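According to TrEMBL, the protein carries these features:
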TRANSMEM  18-42  transmembrane segment
DOMAIN    19-277  domain 'G-protein coupled receptors family 2 profile 2'
TRANSMEM  54-72  transmembrane segment
TRANSMEM  84-105  transmembrane segment
TRANSMEM  125-141  transmembrane segment
TRANSMEM  169-189  transmembrane segment
TRANSMEM  222-239  transmembrane segment
TRANSMEM  251-275  transmembrane segment
């Protein structure tokens with residue numbers, strides 16, 4: 001494993017151990033968070049709407065990404081490759097599932113379409129197909145005779161210039177593409193609903209103003225969604241750029257932020273996308289934690305904060 005030590009740059013054995021511990025701890029939190037959302041989807045039939053199904057697949061991708069990040073062993077060549085490729089596949093899938101959620105919301109709210117459920121096969125082809133292609137392309141420039149690159153506590157399997165370029169193309173290009181798409185999409189959704197809310201308040205009587213407040217609360221929540229990917233991978237992007245410019249020279253504090261924030265992506269996604277009002281209500285009612293006066297005050301189930309205003313009413 002001399003090659004592994006060589007590409008670890010200036011990090012000491014103790015520093016590498018700290019990074020591995022941070023990765024394992026943060027990934028464990030993401031595994032628990034995403035696993036919780038998956039469990040809720042399986043247990044609660046009332047959550048099995050199309051909108052939450054997309055959240056389920058997002059959580060499933062995060063769960064496997066976190067799982068393989070934990071079990072991968074950078075000191076063993078075979079497990080190093082297994083960790084690198086599986087985490088690459090499921091992390092890219094996670095990025096792409098967030099774009100399907102943003103697209104669904106935009107198509108329902110901005111374009112007033114009700115055919116989003118018909119697009120599910122295309123979503124799967126887009127997410128899983130793109131993830132496979134990105135993972136396969138990433139093998140370009142890979143030397144399977146011992147040149148295994150460690151990035152923080154992860155294995156990437158590429159050490160040369162070609163490998164680093166391919167890594168940027170197959171991982172960070174989808175990542176920042178998803179960030180830009182989500183940001184633009186949510187900006188349009190929030191702007192339209194803000195305009196609609198102002199018009200409704202202006203044209204309605206004073207008694208109707210309270211009906212617009214839940215929409216404003218949802219808007220505030222949606223505005224944070226694009227920040228999850230930025231916060232999770234900003235330091236990782238800076239670290240990769242630094243490694244590209246100065247190969248072999250690692251900055252420990254930057255590596256700590258890189259490893260820790262990226263490994264927490266699954267936890268952030270599970271809280272933002274999954275732990276919404278519908279999930280909380282389902283849990284409270286299942287375990288009799290919700291006071292009787294708050295249980296289904298109307299015949300219709302409360303809409304998820306993630307769901308577009310009309311999407312599930314057309315089922």
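Every residue, even glycine, has its Cβ placed from backbone N, Cα and C.
A TrEMBL annotation is a machine prediction, not a hand-curated record.
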Cβ-Cβ under 8 Å with the transmembrane segment (251-275): same-chain residues at least 6 beyond its ends: 11, 15, 18-19, 22-23, 25-27, 29-34, 36-37, 40, 55, 58-59, 62-63, 65-66, 69, 91, 94, 98, 101, 152-154, 221, 224-225, 228-229, 231-236, 238-239, 242, 306
Candidate ranges 18-42, 54-72, 169-189, 222-239 - greatest C-beta contact count to the transmembrane segment (125-141) (under 8 angstroms): 169-189
Overall pLDDT for the domain 'G-protein coupled receptors family 2 profile 2' (19-277), taken as the rounded mean: 82
